[in-house]
């Protein structure tokens with residue numbers, strides 16, 4: 001296990017390193033001046049431009065420049081936005097918390113019904129319940145997320161007036177953004193009407209999270225179902241029945257845990273899809289995460305922001321993949337053995 | 001695993017229960033106002049900007065001016081100045097300042113004195129004098145003061161004593177007070193300026209603002225909101241709401257939905273196509289005002305056949321402007337019978353000069369020697385403007401109308417900056433364009449648009465220079481007697497009705513939507529929105 005963890009971590013570090021090289025090269029590949037592209041300072045601001053150029057090692061060769069780039073990266077100096085001169089790292093920090101908040105909540109919400117329905121469907125293989133669940137998941141998966149969002153807004157918010165449609169909380173609550181995640185921020189700020197603030201935040205978060213959770217939920221149903229079907233075919237299930245275990249015991253302590261093995265492995269790729277959808281949802285629900293900010297930066301060619309956002313999202317997805325691999329290996333020893341055997 | 005599942009289901013249950021609990025009555029009782037703005041403020045100092053978005057969010061909320069213009073009584077009212085005297089030659093203005101006016105007390109600045117003459121001098125010299133320590137701070141220039149000619153006009157601003165300021169100007173100008181009353185001429189704190197200079201953070205003067213206005217700055221989160229809180233030491237009655245939050249939502253459609261879902265209390269500029277739908281909603285109040293702007297069709301009077309007033313009159317009679325109001329503006333505009341909007345005190349409409357009468361148009365054309373018409377070009381501005389939501393469509397309507405009197409018109413359009421440059425060079429036959437007022441003085445619609453000076457600066461779309469008209473304008477601004485000025489402006493407008501260098505088309509309506517329970521909201525015809533008297537009616541206490 002120790003070797004496996006080590007190998008995974010080394011792999012992670014190497015990939016992150018390659019990623020920084022790629023992000024670094026972007027400053028040169030984007031049209032325009034590399035100093036401006038990496039620092040966000042225009043050349044007409046002569047003093048600061050000269051400062052930026054020398055502190056980023058632009059008088060040296062490309063290796064020196066890369067070294068300075070890494071130094072800036074670790075110092076948290078990711079340049080400033082070309083559009084409004086906001087420091088990129090600071091903005092990313094604030095906005096990333098907000099993005100993570102809805103993405104994680106949506107994932108958690110997708111998990112329970114997704115797995116449960118998948119199991120149910122597999123147990124009733126080719127029965128009406130199976131068909132119903134399967135066709136529901138197929139249609140739910142094929143409908144794009146922005147359409148769901150529009151329908152939810154029109155019905156739940158505008159027609160029935162049940163929920164708000166914009167922002168994280170009623171802005172009359174004075175909650176200073178520390179982490180960017182509104183639920184955590186309320187806890188940190190400890191306002192006097194905390195109960196009310198939490199209620200407002202939950203009302204605001206409900207629609208985006210529910211809409212966002214549809215797609216992963218539908219995928220999870222299908223994943224769980226096929227993985228369950230595989231497992232149910234296995235000999236050890238037959239032998240468990242033969243030993244006289246009740247169906248309930250067989251399913252809960254043999255079938256489901258083993259079926260989860262595949263599901264956990266696929267969670268990583270689900271996450272990449274989820275992040276993309278989160279960006280769309282953020283724009284629709286005015287959620288102050290990185291999504292709306294990155295989309296604007298792409299429109300306006302705000303290179304320092306594009307670079308920072310790319311680095312952050314890619315690093316996040318990488319880290320989650322590695323973490324899932326580790327969990328996977330820790331929970332399922334045969335995976336480790338497989339890996340040893342192949343290496 | 002089991003524990004995890006239990007935890008998640010418990011969390012889901014809580015989420016579900018709280019989400020389904022009924023409406024936001026309790027949130028509604030928070031004392032504050034949500035205004036959905038259409039963009040981020042560029043700065044928190046209106047001296048630096050010209051955009052209406054920034055003006056709405058800063059000027060009347062954070063600051064005060066020396067005087068204000070009251071649209072109802074059409075008169076200037078004292079604000080930070082209680083009274084003013086103008087010397088007989090009209091070159092010296094002396095302002096008596098209000099006493100005991102407090103600046104905002106915030107975590108970053110605690111004023112030790114009341115507002116006095118030094119603050120006025122400090123604020124005005126910031127845009128007036130390049131040696132002022134703050135003149136180059138923020139590096140944006142002072143576009144309004146330069147364009148209105150104030151930087152040229154004002155000779156000096158001096159403090160006579162603590163509560164008296166004298167402004168000397170170089171020549172008589174009756175629009176001077178109107179410029180001082182505009183949203184741009186706000187008063188900053190000189191003491192705050194000194195504090196910032198001492199700490200070497202001069203640029204904070206525009207990002208952590210201090211003023212004397214009804215609200216004080218609290219927080220700005222880009223793309224999310226701007227938070228102001230009540231300034232308890234305000235010299236007028238304190239603001240009706242304890243908090244004022246501007247939420248930032250760029251899409252007009254989104255703002256409208258947010259209004260319906262109570263995410264906003266007030267929202268400016270709802271989409272034109274949804275006006276009627278909003279009007280039918282009982283929970284929404286829709287306010288409108290004729291904003292002081294004019295869309296017009298200007299003829300290049302240097303080019304034949306448009307150098308002949310008869311031709312210009314004929315074209316004016318050929319256009320069915322009521323139909324244009326209907327198709328282009330969805331009736332959210334009124335017909336313009338003068339270049340000067342009908343909200344101005346000097347307005348003098350001449351509907352008969354511009355009436356729709358194709359018969360008369362044909363007679364006039366024949367009289368001018370074009371019985372079989374001619375062909376011409378209409379330039380349509382390529383962007384949307386408050387005064388004209390769709391110039392291309394308007395040009396097509398006019399094209400059809402002209403066809404009826406035998407004039408063949410082609411429609412021309414260029415990319416916006418090219419369009420403006422070619423217009424200034426006078427390459428057009430005729431152009432559909434317009435003008436929005438910066439302040440209430442009628443001069444703003446004449447001198448910058450139709451004077452010989454405007455022709456020289458490339459702003460006169462009709463390329464029209466008439467010494468007699470210019471004389472009327474000069475006579476009007478060199479007097480301070482409103483009746484005398486009115487008489488001159490009437491003559492000027494009659495002159496325009498005879499000469500028709502341009503055909504006024506419409507004064508469009510500015511809309512603002514608010515929730516039914518918002519009180520004290522008024523939509524002023526001139527720019528900046530006033531929010532200090534606005535509050536949300538508290539929900540009536542219901543049965544237990």
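Don't overthink the numbers, they just go from 1 along the chain as shown.
Backbone N, Cα and C atoms are what each Cβ position is placed from, and that goes for glycine too.
Per TrEMBL, transmembrane segment is recorded for A:9-30 (among others).
Annotated domain 'ABC transmembrane type-1' per TrEMBL: A:96-328, in sequence order.
Here the transmembrane segment (A:102-123) has long-range neighbours at 129-130, 133-134, 137, 205, 208-210, 212-229, 232, 251, 256, 259-260, 263, 267, 270-271, 274-275, 278, 281-282, 287, 289, meaning same-chain residues at least 6 beyond its ends whose C-beta is under 8 angstroms from one of its own. Positions annotated as transmembrane segment by TrEMBL: A:102-123 (among others).
The transmembrane segment feature in TrEMBL is assigned to A:144-162 (among others). Tertiary proximity for the transmembrane segment (A:144-162) is limited to same-chain residues at least six positions away from its ends with a CB under 8 Å from its CB atoms, namely 207-208, 210-212, 214-215, 277, 280-281, 284-285.
Annotation source TrEMBL lists transmembrane segment at A:201-221 (among others).
Positions annotated as transmembrane segment by TrEMBL: A:270-290 (among others). Distant neighbours of the transmembrane segment (A:270-290): 92, 94-96, 98-99, 101-103, 106-107, 145-146, 149-150, 153, 165-168, 180, 207-208, 211-212, 215-216, 219-220, 309, 312-313, 316-317, 320; these residues of the same chain sit at least 6 beyond its ends, with a Cβ under 8 Å from one of its Cβ atoms.
Look at TrEMBL and you will find A:310-330 (among others) tagged as transmembrane segment. Among residues of the same chain six or more beyond the transmembrane segment (A:310-330), those with a C-beta under 8 A of the stretch's C-beta atoms are 1, 4-5, 8-9, 11-12, 15-16, 19-20, 23, 26, 73, 92, 96, 261, 264-265, 267-268, 271-272, 275, 290, 336, 339.
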